[in-house]
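Pasting a structure here, questions to come.
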């Protein structure tokens, strides 16, 4: 595979949430979800994320309920077999922008926009690849680059021709916390949000890992102490066997010779 077919290797960035002792930046998650809603949700779905998953991470219960109620979902068929609409609930999953894959392909020149729920884990390079892809669109393709009709040049995409055009521009969204919405800032926020959708349990897993390390470290120290001061006494104990010795004693008043055994036993 040539470098052009494989795509340019993404730069490695110092993502804070990937460090062992760091967690997700929940303000960045909220901003990233806003970018997804206003920019990405028109083409890409998040089929594995329900409204209830947003609660406690970057939304309150009331905010998540209000967001869910903005969408309508099908009810179960009634006695007459008719399906009605109802307002969304926390148990509902985020809706897809298209009814089915055929409709998605028809709206995107035959290309199927992938679901983004596990995209960070599904692509080599993870966060680095997606960030580089979102910020890697040049103003003009370099000299000699061949791009098929309907595709856009991006050196990080395998084959360098991608159906998705550049979607992030400075000032495209207005953050609620007044953070400057530069292209790199929006890309960073939405990538961290997509990392959360792929690993929503990461913070809890890290906390559990630290607890396990603390308990394991305590047990290891205790085992060293027991071996040094308790078990070592048993381990280094020596058993010495003294074979019995015989000594003949002649009794002048008797013609017999008496034999006495001495020194038989164990010493510890």
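Here the Cβ of each residue, glycine as well, is placed from N, Cα and C on the backbone.
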Among 164, 202, find me the residue TrEMBL lists at the same heme c site as 40, 43, 44.
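It is 164, as the record lists it for that site.
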Summarise the model's confidence over the domain 'Cytochrome c' (27-180) as a mean pLDDT value.
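Mean pLDDT for the domain 'Cytochrome c' (27-180): 94.
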